[in-house]
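J.: Below is the structure I would like to discuss, written out as structure tokens.
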Amino acid sequence: MRVSGQSIIAISLFTLSLYIHRVQARPFVLVLSNEDLNGGFNDNGAYESSDFDEFGESEPKSEEELDPGSWRRIFETNESTVHASASPQYYSGLHKILSAASEGNTTLMEEAVSEIDSSASSGDPHAQSVMGFVYGIGMMRETSRSKSILHHHFAAAGGNMQSKMALAFRYLRQNMYDKAVELYAELAETAVNSFLISKDSPMAEPVRIHIGTEENKDALRKSRGEEDEDFQILEYQAEKGNSVAMHKIGLFYYFGLRGLRRDHAKALYWFSKAEFNGLGYLYVKGYGVDKRNYTKAREYFEMAANNEDPSGHYNLGVLYLKGTGVKKDVRHATKYFFVAANAGQPKAFYQLAKMFHTGVGLTKNLEMATTFYKLVAERGPWSSLSRWALEAYLKGDVGKAFILYSRMSELGYEVAQSNAAWIVDKYGERSMCMGVYGFCTDKERHDRAHSLWWRASEQGNEHAALLIGDAYYYGRGTERDFVRAAEAYMYAKSQSNAQAMFNLGYMHEHGEGLPFDLHLAKRYYDQALQSDTAAKLPVTLALASVWVRRNYADTALVQVLNSLPEVHQKVVEWVENGMLEEVVLDPVGANVAQPLAAPVAFPQ
């Protein structure tokens, strides 16, 4: 069968929906036991295969149906979609909120919030969603958790998807998985449907704008298209036969990404070399060929899988789950889905979430189902907020970036939580943080940053917990509290943060917030060195201090050590410089927060 160049590009763009929208999340390792597999429904006739998705087919829906009240209309003036469900007053107020944040205009912000409040009182669910945000952060209104939840409930009942995200995240934080899983399941389904009509760049991923306490200059350079070294590496991989790299190179040329000029001829060249999976799709659906041929489809999917294309693994999983052209085998399907999920294929996460949710193929586990649904839901149309926030930040519009990241924080995005917290810490008054009566007071800024860092730490951001501990230890924005500092360091230590281990050792050595215990101090210092060899110098000095205290207690030498409180600050700086939060480099060169593609331990 000959496939035209136009068809190949169409296949490639279609497979985008199955392949290139990689799920971004905090690093995690999933270990499956035989109990996970054997506890589920493995009787191949005991479930309705129609309940599970097929090969990317979905009923076409408009963006208004998928994300009613979308903020896109504010940022893209050529938006053709008419948002009939949202009132003009809502969009007017929303536009003023963003303008006020950019300009640092508290008068305009008060006017904007009043306008949104009026629209919400008239029953507009999208205005109610914004008021939920307003009460949640205390912007021109007194902070009220109850009013925030109430507004989000009304908004969600009216169809606002962002409020459903906010409520789902609240339920998740309270371990109310029975409620969270239902909302995230709906949101994930919407996200999957949106992949086919997404107007965003397929490579747009949440970018962490900071590394530790410093700006993430490498990531920002790449976001501006100023770095091409990683592209050269990717091109080299493509030339060596890596089909995943071929597909990405094709997308770069087709969309003109990463500073490249659009070149459809080059895009076609790379797509035609990579699209085994797309050809398999044509055969399984019978598009452009004489008739459906499941044997041929399976052969192409297997070739795609052999070329490390996660969509090939995903579609093989669908064949076995559905029993299409092969004997139905849910256990075999599960294995393929896990391989695809480890490669970042979002629909594979969606299928696995359904399996954990329903108990088909895997032991029913609402916590795991919720986690996987959330990963997919965060790739929905509302994820465009991240791109607009980054664009604002790159243009120097810190106020707009801060309010957009703050909105995303409420929806449960960890990267947005840490970005917003970092902005308010780094820029202070220049963050344009708006409080109850105008610009945020020092206390309001501290409380806002503390809340954001804490949420990020709950989702696995170890540096966030460390910063909370530092704030309490040094009295930054709050009164010094060694006990709370120790609690925060303990939390960061539980996430294997070496600097937190070092700090706990210091606190035990000096009896600050923790019992004076040189044995425990040495243990924590040793753990810090085991976790990160970059800590060798500060740990060596700290261990020397412990040795002196143990062998020369009540001597002048110990008194000299105690008279040098500034030594700890210097040591902390050394440790911090050597233990900055790790950043995962995607082969594409997008310095983004993303899964480490940790291997799944699958029982044989």
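Cβ from N, Cα, C; glycine included.
Here's the feature list from Swiss-Prot:
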type	residues	note
CARBOHYD	Asn78	N-linked glycosylation site
CARBOHYD	Asn105	N-linked glycosylation site
CARBOHYD	Asn293	N-linked glycosylation site
REPEAT	125-160	repeat 'Sel1-like 1'
REPEAT	346-380	repeat 'Sel1-like 5'
REPEAT	464-492	repeat 'Sel1-like 6'
J.: What's the number of neighbouring CB atoms sitting within 10 A of the CB on Asn293 (N-linked glycosylation site)?
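T.: I count 18 other Cβ atoms within 10 Å of it.
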J.: Please give the sequence-distant neighbours of the repeat 'Sel1-like 1' (125-160): residues at least 6 beyond its ends with Cβ less than 8 Å from one of its Cβ atoms.
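T.: That would be 68-69, 85-87, 89-90, 93-94, 97, 109-110, 113, 116-117, 119, 166-167, 170, 183, 406-407, 410, 434-437, 444, 448.
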J.: Any residues 6+ beyond the ends of the repeat 'Sel1-like 6' (464-492) with a Cβ under 8 Å from its own?
T.: 213, 417-418, 421, 425, 442-443, 445-446, 449-450, 453-454, 456-457, 499-500, 503-504, 507, 512-514
J.: Could you state the CA-to-CA distance between Asn293 (N-linked glycosylation site) and Asn105 (N-linked glycosylation site) to the nearest Å?
T.: 63
J.: Count the residues of the repeat 'Sel1-like 5' (346-380) that DSSP assigns to helix (H, G, I), to strand (E, B) and to coil, and report the three numbers in that order.
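T.: Helix, strand and coil residues of the repeat 'Sel1-like 5' (346-380) number 25 helix, 1 strand, 9 coil.
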J.: DSSP on the repeat 'Sel1-like 6' (464-492): how many residues come out helix, how many strand, how many coil?
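T.: Per DSSP, the residues of the repeat 'Sel1-like 6' (464-492) fall into 22 helix, 0 strand, 7 coil.
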J.: What same-chain residues, at least 6 away in sequence, bring their CB to under 8 Å of the CB of Asn105 (N-linked glycosylation site)?
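T.: Listed in sequence order: Ser99.
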J.: State the mean pLDDT for the repeat 'Sel1-like 5' (346-380).
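T.: A mean pLDDT of 94 is what the model gives the repeat 'Sel1-like 5' (346-380).
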J.: Where DSSP helix means H, G or I and strand means E or B, what are the helix, strand and coil counts for the repeat 'Sel1-like 1' (125-160)?
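T.: Looking at the repeat 'Sel1-like 1' (125-160) with DSSP, the answer is 26 helix, 0 strand, 10 coil.
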